[in-house]
Amino acid sequence: MKKIAILGSTGSIGRKTLQVADNFPAEIQVLALAAGRNRELLLEQVKRYKPRLISVHREEDARWLRDKLGEYREVEVLSGREGLLAVAIFPGTDTVLTAISGAAGLEPTINAIRAGKHIALANKETLVAAGELVTGLARQYGVSIIPVDSEHSAVWQCLNGEDIASVARIILTASGGPFRNFSPGQMAGISPAMALKHPNWQMGAKITVDSATLMNKGLEVIEARWLFDVDYDKIDVVIHPQSIIHSMVEFVDGSVLAQMGVPDMALPIQYALLHPRRVDGSVPGLQWPVRDLTFEEPDRERFPSLALAYEAGRAGGTMPAVMNAANEVAVAAFLAGKICFTAIPEIVATVMHGHSPQQYCSLEEILDVDSRARRKAAGLVDLWRAR
Ligand SMILES: NC(=O)C1=CN([C@@H]2O[C@H](COP(=O)(O)OP(=O)(O)OC[C@H]3O[C@@H](n4cnc5c(N)ncnc54)[C@H](OP(=O)(O)O)[C@@H]3O)[C@@H](O)[C@H]2O)C=CC1
Ligand SMILES: CC(=O)[C@@H](O)[C@H](O)COP(=O)(O)O
Ligand SMILES: [Mn+2]
């Protein structure tokens, strides 16, 4: 029996994880849940999954929940940073599924590792901001970081325990997002509503915008570097608009293995929680014959975020954390209608290019750099609006 906590249970990945738990009640028990502001959905989740501890962002929502729990009163309700960290280290769980969006997932993930929990990692920003620190701690505490992100699950499945020395390169597939064929002129007129329509996946707002800028793939390149301990020169990105092949591994003998399936996150979540067993969940197989699997080079000029991520990854140290923080601020500003779509990578590049990375940092140093990058990016958003 897997005993899990979910950080971000009310989001896209969190809800999907609970659906997977529904399919395997004898295999997965949900002991603790952390959410942000969606107290109504969290209340429903309490009634259905009967966790022992829950947490919400604001204390007023925690009070509301305590008031509404009725016959579920024995559930402990916490709030804020303290509550999130308590869910991350809740005694009795063996695995924490990290499905918060953004670098907010970093600190609870580190606490979970220090408490000896395995990490089923959807929150890629954790490894982007602090890959070296987090993977070092995981080794030190003897816990696994299990990929949930579809591409990394695909790579993990293709590797299947193979020595990383036999890998020639990892090929991450990218859908290309909704603007793959937009002209530079069209790119200037992209609205939040347009960016929130991913061609293949139903996801939260931030990652959906990241997919549209190709920053999602950039974050995934850095995530792959840390998950699989490979050099950036061995990680490539190819556009595959159908999102049927979730990624590939080319081995030194020239053989290429790919993992395929319908675009449904239930599959990588289920595999992360129940591996090495392959079990029949609710995910349908592909409809054969599968036709028209196509591949293209990413356009690095129209989508500069991808190159920025390689640059940040290669610079190392605090640079990926700075890139990630600036991107979070710029994406939020775009979604709030404050800046245009093409300003997102402009802001990220300006913040990155004003930063001299520091190597081998502590959590405190990374969080400090993250805050400073956010302030700088917010200032650039204001300047951009005043133009
Ligand atoms: N969606 C997908 O298919 C995929 C997502 N990922 C990654 O998984 C992560 C989650 O993505 P996704 O599910 O789409 O995002 P969503 O925006 O749908 O969900 C985010 C979740 O985090 C919660 N949350 C936000 N801030 C806090 C906080 N400070 N404390 C506690 N909880 C918080 C939200 O709560 P609330 O809603 O209650 O405010 C919500 O439950 C991201 O890192 C993303 O890159 C990776 C691969 C695929
Ligand atoms: C489902 C998942 O893993 C997402 O990260 C997805 O890959 C996003 O699609 P893009 O390929 O468009 O970035
Ligand atoms: Mn992905």
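Cβ coordinates are placed from backbone N, Cα and C, and glycine is handled just like the others.
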For the NADPH site that TrEMBL gives with T10, G11, S12, I13, G36, R37, N38, N123, E125, which of G189, G204, G218, G254 also belongs there?
G204
Among E82, E107, E132, E220, which residue shares the Mn(2+) site with D149, E151 according to TrEMBL?
E220
Can you pick which of S101, S166, S175, S183 TrEMBL lists for the same 1-deoxy-D-xylulose 5-phosphate site as K124, S150, E151, H198, S211, N216, K217, E220?
S175
Let me know the model's mean pLDDT on the domain '1-deoxy-D-xylulose 5-phosphate reductoisomerase N-terminal' (4-131).
97
Remaining residues near the recorded 1-deoxy-D-xylulose 5-phosphate site, that is with C-beta within 8 Å of the centroid of the site residues K124, S150, E151, S175, H198, S211, N216, K217, E220:
D149, L172, A174, W201, I207, D210, L219
Hey, how far is N216 (1-deoxy-D-xylulose 5-phosphate binding site) from S12 (NADPH binding site), Cα to Cα, in Å?
16
Between E220 (1-deoxy-D-xylulose 5-phosphate binding site) and G36 (NADPH binding site), what C-alpha distance do you get in Å?
24
